[in-house]
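Peer 1: Got these off TrEMBL a minute ago, pasting:
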COMPBIAS  707-717  compositional bias 'Low complexity'
DOMAIN    115-698  domain 'Major facilitator superfamily (MFS) profile'
REGION    32-65  region 'Disordered'
REGION    703-734  region 'Disordered'
TRANSMEM  114-134  transmembrane segment
TRANSMEM  154-175  transmembrane segment
TRANSMEM  182-202  transmembrane segment
TRANSMEM  238-262  transmembrane segment
TRANSMEM  274-300  transmembrane segment
TRANSMEM  320-341  transmembrane segment
TRANSMEM  394-414  transmembrane segment
TRANSMEM  434-455  transmembrane segment
TRANSMEM  467-485  transmembrane segment
TRANSMEM  589-611  transmembrane segment
TRANSMEM  676-699  transmembrane segment
Amino acid sequence: MAMPQNSTAENGFCFAQTLDFSCPSPPPCKPGRTFDASSGREPRGTALSNGTASSGARSPADSCAEPLCSATPGDEETQFNEGIKYVSAEGEELACGWGGFTPRCLQLCNTSKGVLFFLCVASFLQGMTVNGFINTVITSIERRFDLRSYQSGLIASSYDIAACVCLTFVSYFGGNGHKPRWLGWGVLVMGLGSLLFALPHFTTGQYEAHSAAEVGVCGGNQSLPCAQAASSLSSYRFVFMLGQFLHGMGATPLYTLGVTYLDENVKTNYSPVYIAVFYTAAILGPAAGYLVGGMFLNIYTEIGREIDITPENTLWVGAWWIGFLGAGAASLLISIPILGYPHRLPGSQRYIVMRVSEAHQLKDGSHKKASDPDFGKTVKDLPRSVLLLLKNPTFIFLCLAGATEATLIAGMSTFGPKFLESQFSLSASEAATFFGYLVVPAGGGGTFLGGFLVNKFKLRCSGIIKLCLLCTVSSLLAIFIFFIHCPNMPMAGVTQTYGGSVLPGGHLNLTAACNTNCGCLQETYSPVCGSDDIMYYSPCHAGCKKLSENLRNGKKVYHECSCIDKTLLPGPGDAEAGKCTSSCAKKPLLLFFMFMVILFTFLSSIPALTATLRCVSDRQRSFALGIQWIVVRTLGGIPGPIAFGSMIDKSCLLWQDQCGEQGSCYVYQNSAMSRYTLIAGLVYKVLGTTFFIVACLLYKPPPPESAPGSSDASDSGNGDLQEHKPSLPAGEDM
């Protein structure tokens, strides 16, 4: 018996406990035999000194143990040709496959890196579909199926409703069951939801769009949106809601069981890196969804049909359904390998044996109940499991802190493009592109960096909470950038009169002598920029009588605009479609500090998730994540956009007029928008900081002597950020 001072596996695993490498009279390994990990004669396994054996045969992720028995080259060749059978200490199959079909080539993927790859693909598809395609095509779906805004809002919220309904059930029973099967079936259901979401395109008739020449110019044919008859197509919203509900059901195991499956099958210090990579893929998914979905929207929904309108026309409907077909098919395919993974990976038993419990210690000692191997296998234990989590103040305040951060993330993702659009006078597509440039490096980079820092400095639970606190305080300081703002571009009839004088706040006067006879409709909002650098509500409101066939910078040009004075020559001026370009000098500063706010907000996400996994008992990890997701969605994800939206709506200068009813906001007052964004951001950041402080103060780690024989030193309660390695007694050899 010997104690290795530094046995390092391929992932840098370091053992500091007594290992039994003895193998008296090693017998030759016979080809094709089944190895019993608990017998101590496993050819390529490691029997631990406490009687618990590591699992199975040597795999690509299990290069730590040297062969304990030898075989002749010919026998070894025959052995690999016939396949190795992985068996755990309890006799449980650990081979990768489906039923009895476990080919040797599949075992190359039977590693933590293989699981990570397939789960990253699944999270990428989920993010691309739910947070990318849905947000991109929702306007096209409204136009195609005659939906109102509140109906499309119900479609979007069906995902969160499904997640909240399923989280308790999935996280509790799936956490104590066969996690890969729950994950695989979840991805399969998610794929079916995507296919169902695309179904209405194939069950409805062809979309008819008729263009009207020169709509919007003075004296032109003005459309009357209120005259449209109600359509039965709106009933398809229930199909979309069901598709979103399946998306929510399928994604529920992914971010609860998927996280805990990764955490259980890698070394404790490497768990944050694996989880960070997993979540980074989920963040990159929406970026790809915006990009690919935008490309599909430039294709007419009836592919191959010749039409006389362009994507710039308000009647255009793009091929919104292609992305859902592709994502659905990909999800069905990726579910197959996930379903083939075993209950746990070969070699993972050593990580379970060596794991140090950092669960919060309750005064009454009731936290020890969760250590019972039979705990959580029946419905009877559900109330007790909930009670144990409710009695854990560290877990509760980490959930509340996560809810405040989720509120900010949901608010920023929903209204971030709108903020940039208003401040810098951008089009919707330009603002979305700018916001994508911010979110991809800041969100994705911050997520990965958070997991990397936890691993790099080998932080314990109390140190991880302090890192979250540091990130929250940093983003709190950066959010003060919203004290500054860009001035509004002058707009005739909204911020100033047609004569050039400033309009008092709250007043709106879109008619003047120059456009009285044009018969302009307020329902048609199509801003143009005059040659006098003033914006107008539409070409009609600018008094433009002709539309040029020539394009300037890819935009339409209107002529003979009676409300616009030429700067040099007398007579009416010209106008260009779109908003006037803003020359705000504060633009780089605003973008930089918005980047910092997003970076530090996402930087704390993986550490906070890791702290949640560490502060609860091992058998409660999946269930704790499920409860946390319910709290985060209920208190943060769902009301977040509503809270931010209601604050930002107070800064609106110009509302849409939908047949006499108030619609969405067209023009915001930039100073008020910055002020309200600052107030909302400060409230939630201060709350998040407070919750992290309380979680850190109330956390009670286990005593140092509670985890003997582990390479990870127990937290002594002083909140050290650095994990200390125990020094080995002198004279111990390798």
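Backbone N, Cα and C atoms are what each Cβ position is placed from, and that goes for glycine too.
Keep in mind that this is a model prediction, so the values were computed, not measured.
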Peer 1: Hey, would you say the transmembrane segment (589-611) packs against the transmembrane segment (320-341), going by three or more CB pairs under 8 A that are 6+ residues apart?
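Peer 2: Output no: the transmembrane segment (589-611) is apart from the transmembrane segment (320-341).
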Peer 1: I'm checking region-level scores; what's the whole-number mean pLDDT for the domain 'Major facilitator superfamily (MFS) profile' (115-698)?
Peer 2: 85
Peer 1: Residues of the same chain, at least six outside the transmembrane segment (394-414), with any C-beta under 8 angstroms of its C-beta?
Peer 2: 131, 360, 439, 461, 465, 468, 472, 597-598, 601-602, 604-605, 608, 611-612, 615-616, 624, 627-628, 631-637, 639-641, 643-645, 680-681, 684-685, 687-688, 691-692, 694-695, 698-700
Peer 1: Residues of the same chain, at least six outside the transmembrane segment (182-202), with any C-beta under 8 angstroms of its C-beta?
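Peer 2: Residues 119, 122, 125-126, 129, 145, 170, 174, 236, 239-240, 242-247, 249-254, 257-258, 261, 301, 320-322, 324-325, 327-332, 334-336, 338-341.
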Peer 1: Count, for each of 114-134, 274-300, 320-341, 434-455, 676-699, the Cβ pairs lying under 8 Å from the transmembrane segment (467-485), and report the range with the highest count.
Peer 2: 676-699
Peer 1: Of the listed stretches (114-134, 154-175, 320-341, 434-455, 676-699), which one yields the highest count of Cβ-Cβ distances below 8 Å with the transmembrane segment (274-300)?
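Peer 2: Between the stretches 114-134, 154-175, 320-341, 434-455, 676-699, 114-134 has the largest tally.
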Peer 1: Who are the chain neighbours of the transmembrane segment (320-341) in space, where the CB to CB distance is under 8 Å and they lie at least 6 residues beyond its ends?
Peer 2: 96-98, 106, 109-110, 115, 118-119, 121-122, 125, 128-129, 132-133, 136-137, 140-141, 144, 180-181, 183-185, 187-188, 190-195, 197-198, 201, 243, 250, 289, 292-293, 296-297, 299, 301
